[in-house]
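This report refers to the structure that appears directly beneath it.
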Amino acid sequence: MTAPVKIVLVYQSLLGIYGDQGNSLVLAQRLRWRGIDAEVMVVEPGDPLPADGAIYCMGGGEDNAQTTAVRELTKDGSLFAAVDAGAVVFAVCAGYQICGQTFTIGETDEVREGLGLLDVTTTRGATRAVGEILTRWTRPDGSEYLLSGFENHGGYTHLGPDATPLARVERGIGNAGDGTEGAVQGRVIGTYPHGPVLARNPALADHLLGLALDRELEPLGRVQSVHEGLRRERIAFVRR
Ligand code: GLN
C-alpha cells in the first residue's frame, strides 16, 4: 500500500486567522476525489514538523505571530529540509511574508528576518490593501486562469531577481500596487488572497498537487463544473 500524500498545516494557531486552513482541506479532498489517499497533518508550535510532507500550507496572521512562527520554524529546521527535498510550500499573506528575506512589523517598522525561502522583502505600504482581488495567472501550459480572493495586508512585498510573480493584478493591490501578485521560487509559492484561495481557484490547487506528485492530475468532471459555476459568480461580483 502506498503511503497517503501528507499535507502539513503549519501553525494554524499563529497563521490561520482567515480560514486559510481550508486550503489544506481542499488539497486533501481533491486527492481523495481522485481515489488518492491523503492526510492533513496539523502541526502547532512546539510539535516537531515532519520533513516528509508533500505540501506545507501556511496562512494569514498578525505581526507578532509571524515573528513567533519564523523563530519556531527556524529552530525546528524540518521545513528547510523538506524544501530541499522537493516539497511544495503554499503560503498565504503572513505566511507569504515570512517565507521572504525580511518583513517589518508594528508602527515602528521593526525589521524581522524571514525564512529566506523566497527572494522577497516586505515593508509597510502607503495604504492597507483591503478588498476583493482578481489576478491573471499564466499556467504552465500557457493558458490563463483568473484567481480571485480577498486581500487584507499592510505589508507590501517587493520581489528580488530569484523570485517571479505568480500572477498579474486585474483588480486590487497585490504585492505592492505594481501590477504583480504573489511569488514563485522553485516549489515555494506565496500569495496574498484569502478566501480560502484554493477553494475559490481549484486549478491552482490542482497545480500544487501536480507539482507535489510530479504528474498532471485528471479533471474532476461534475465536481469541476459545480465549482466553475460558483467561480463565474464570484469573478463577476469582483468585476462589478
Ligand atoms: N501582518 C501582515 C500585514 O498586515 C499580514 C496580515 C495578514 O496575514 N492578513 O501585512
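Just so it is clear, glycine is given a Cβ too, placed from its N, Cα and C backbone atoms.
Small disclaimer: the values here were computed from a predicted structure and weren't measured.
Listed in TrEMBL for this protein:
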type: DOMAIN; residues: 6-201; note: domain 'CobB/CobQ-like glutamine amidotransferase'
type: ACT_SITE; residues: CYS93; note: active site, nucleophile
type: BINDING; residues: ARG128; note: substrate binding site
type: ACT_SITE; residues: HIS194; note: active site
Legend entry - Number of other Cβ atoms within 10 Å of the Cβ of CYS93 (active site, nucleophile) across all protein chains: 28
Legend entry - Euclidean distance between Cα atoms of ARG128 (substrate binding site) and HIS194 (active site), Å: 15
Legend entry - Entries of CYS93, ARG128, HIS194 (recorded positions) sitting next to ligand 1, with Cβ under 6 Å as the cut-off: CYS93
Legend entry - C-alpha spacing of ARG128 (substrate binding site) relative to the residue listed as 'active site, nucleophile', in angstrom: 13
Legend entry - Cβ packing number for HIS194 (active site), 10 Å threshold: 23
Legend entry - Chain-internal residues, separated by at least six, CB under 8 A from ARG128 (substrate binding site): ASN152, HIS153, GLY154
Inset, instruction - Express the predicted model's confidence over the domain 'CobB/CobQ-like glutamine amidotransferase' (6-201) as a mean pLDDT, rounded to an integer. - result: 97
